[in-house]
């Protein structure tokens, strides 16, 4: 048994640090005496040494050693062709135990992806003939092609993965995300579904995610709910997470939070989707819960984007935009495909006045998630902030046509129309359509209330907000109802609404300002009659918060995040 055999055995046993030390010494010996090891032995030493470097995350050094190994293998192949066969049976086992050249190229591609050198990764894998590509090589190529925008090549590679492994679900999702029809994808798995018992759910699963990737959130939710209700798939964390994300996309934040909570109760170490969950909690003013969630995720892993995004949500809603920007950038560094990280960084940049930089991030988010409305909302806000009303109108119309006429797209288009003095009637019509479809859609209610406030139709606004609050409780709706009640001199009930708003979000500055503004405008006679208001006036909290007559109309600019209210 040679020393190279010992190195091979240690590598197989996972003793990477030992392999690194010994192979490094042996390679130095080989350099000083080229005759010490045969070409095949030197090739093996280079590969095992490179593998140990890869394990230590020294990717550039590993690429260097893998390249040397491939050069050595090339020279070895030429030598084998030149030398005639001696009939020595001992040479056969030696050639069989040589590390695979295909595997070496795959490891090099992995190094390049870790170094963010995707073009080099594609180049090295493209050098492998189609016949020699294993499923994992095709899968990596498919993902790299997709990231590079080479959709046709990506589809071909994903299909090749499914041809070899028909139950590769991530490859199925990849095809659906590239607009391949659900029926076509399902046909590639039909044989295995029919031949294996208890796989009848897979065709429904494919159908559900086909709806997801076409932006049909309602049908996707209904289909996934039918899966989740099946006894064999009940309480599946992945399905619950997908359902939560779909509720979020559909604007049903209450159910989204509920499903995320169910998922993390089933799996306390769950990371996937927790960035969206953290954002929803932050948006509701539950900053303590967001902070706790961030700490829990960091204890699980700080090498994923989600903990950094959650921490960034806490900073953003605490108005620490510079820190939110840093945390968002860190998350993107860990996962450049993290949509939520891009939205976080874009929102922070926008609020810091760096609108053009924010636009770049929102556009990248749209590229990665073309069916997520919040990506478009963030971009449209940037256009409006930079007086790009025409660009915002074009974008809103495109979203309306692409994603269909639903309550969300109608409200988004109405939001842009509200910024145009000549399009107020159109905005009203769009909001009425949105509320007809979904009377409980908070964004539409808020925008309609904002329009009524401009028109000074306070009684209509009060009726609208009371109706919306009959079946749900939301900080913004309670605060806006308080603003309307102040306008009609209903001070006591206005105070109650502001108090409810603050109980839902103790950090809601607008509700605090509304209470103070009401106290300043209230007459002495009314103040004498209402003891509760007297108690609040005597609390000594005066002067630091300033009211503004335009606050009811401008609340969205200061409260929105990720293009959402």
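Cβ atoms here come from the backbone N, Cα and C positions, even for glycine.
Annotated by TrEMBL as region 'Disordered', the relevant range among 460-512, 513-565 is 513-565. The helix, strand and coil residue counts that DSSP assigns across the repeat 'TPR' (475-508) are 27 helix, 0 strand, 7 coil.
Here the repeat 'TPR' (339-372) is broken down by DSSP into helix, strand and coil counts: 27 helix, 0 strand, 7 coil. Cβ atoms under 8 Å from those of the repeat 'TPR' (237-270) belong to residues 208-209, 212, 217-218, 220-221, 224-225, 227-228, 276-277, 280-281, 283-284, 300, 371-374, 407-408, 438, 441-443, 472 of the same chain, restricted to positions at least 6 beyond its ends. Confidence over the repeat 'TPR' (339-372), given as mean pLDDT on the 0 to 100 scale, stands at 94.
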